[in-house]
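According to TrEMBL, the protein carries these features:
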type     : residues                                                       : note
ACT_SITE : Thr214                                                         : active site, nucleophile
BINDING  : Arg242, Val243, Gly244, Asp245, Thr265, Gly266, Asp267, Gly268 : substrate binding site
SIGNAL   : 1-26                                                           : signal peptide
Amino acid sequence: MKNPLQVPRLFLFTLVLANEVGGTLQYPVVISTWPFLEAVRAAWRAVDSGFSAVDAVVEGCSACEKLRCDGTVGPGGSPDENGETTIDAMVMNGVTMEVGAVAAMRYVPEGIKAAKLVLEHTKHTMLVGDQASAFAISMGLPGPINLSSVESIEKWMKWKANYCQPNFWKNVSPGDNCGPYNPNGPSIGRCLMANELQPDEFGSVNVGLDSHDTISMAVIDQVGRIAVGTSTNGATFKIPGRVGDGPIAGSSAYADSEVGACGATGDGDIMMRFLPCYQVVESMRLGMEPKVAAKDAISRIARKYPSFIGALFAVNKSGIHAGASHGWTFQYSVRNPGMKDVEVFTVHP
């Protein structure tokens, strides 16, 4: 007589096997903004080895920080007005909805690991500035370290020689070519981003094909848990202290294991006003397919800011994914059980 427990055990084994060989289940899956192939491979190795979604996200974003992807992730890129590089990063657990983030963090190169420390060892969501740096170092991360590089300093010096143009100021007059600036004066130079609904005046010219500015990554692990993470060194020549959308849950990324996830990139100062990734996940919760949800979230921004540049990817809890973009051609990278290696998907505006 057969043991009645053998049937459910066999059923469970079949489910796991289908998952591993890319059968009916579509996870684990790793998705990242842009062709950050090595970052996706690092996350895939982790999740394929049994790591949790959170840990795999950290592995993937850490790889991008070490590689200094596009010069806009990790140390050594995007100097602010003082020539300094700072880090924004975030990780979100889609099971518990907990978030850990750091913003405007100086002297510590490992942003995503610092964000995970906030997630795991504090009851807070975000730490900022020098206090974030002190926290990260106290918890064992390397630092203090100068996050500038020869390349970032050279970029900053050329900008200074060009009278600190373009920049992010508006409605000010300068004491000299590079400030200090006084409020309520005439606008100077050409601003990098529009802060008013005047699409024909200024565009998001700081965000281009050679300045991808953020890695935003989502991972669904072997048991269906979902997490997202981001890391960036922010906008080039930003006003010191500026925090972009990278560490803001719901803007640069969002995850809910009951629904799916989203990752975004582009003009963070505009996109963070709309929380596009929160919108995507909530739209999928209401039954929208990922492709429709992604297009809907982007179109909401474009209606208010027709000249903005941005993009996002959406993935539901089954691993079905899609992307949407406005103002540029966007690419995102995917690895799932049906792929032999990372595949890059192109999304046209």
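Backbone N, Cα and C atoms are what each Cβ position is placed from, and that goes for glycine too.
Quantities reported herein were computed from a predicted structural model and do not represent experimental measurements.
Structure coloured by features recorded in TrEMBL.
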residue : record                   : Cβ within 10 Å
Thr214  : active site, nucleophile : 30
Arg242  : substrate binding site   : 18
Val243  : substrate binding site   : 21
Gly244  : substrate binding site   : 24
Asp245  : substrate binding site   : 33
Thr265  : substrate binding site   : 31
Gly266  : substrate binding site   : 28
Asp267  : substrate binding site   : 27
Gly268  : substrate binding site   : 29
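Looking at Asp267 (substrate binding site) and the residue listed as 'active site, nucleophile', their Cα atoms lie 10 Å from each other.
The two recorded residues Gly244 (substrate binding site) and the residue listed as 'active site, nucleophile' have their Cα atoms spaced 10 Å from each other.
On the backbone, the CA of the residue listed as 'active site, nucleophile' and the CA of Thr265 (substrate binding site) stand 6 Å apart. Of all Cα pairs drawn from Arg242, Val243, Gly244, Asp245, Thr265, Gly266, Asp267, Gly268, which the record names as binding substrate, the longest spans 17 Å.
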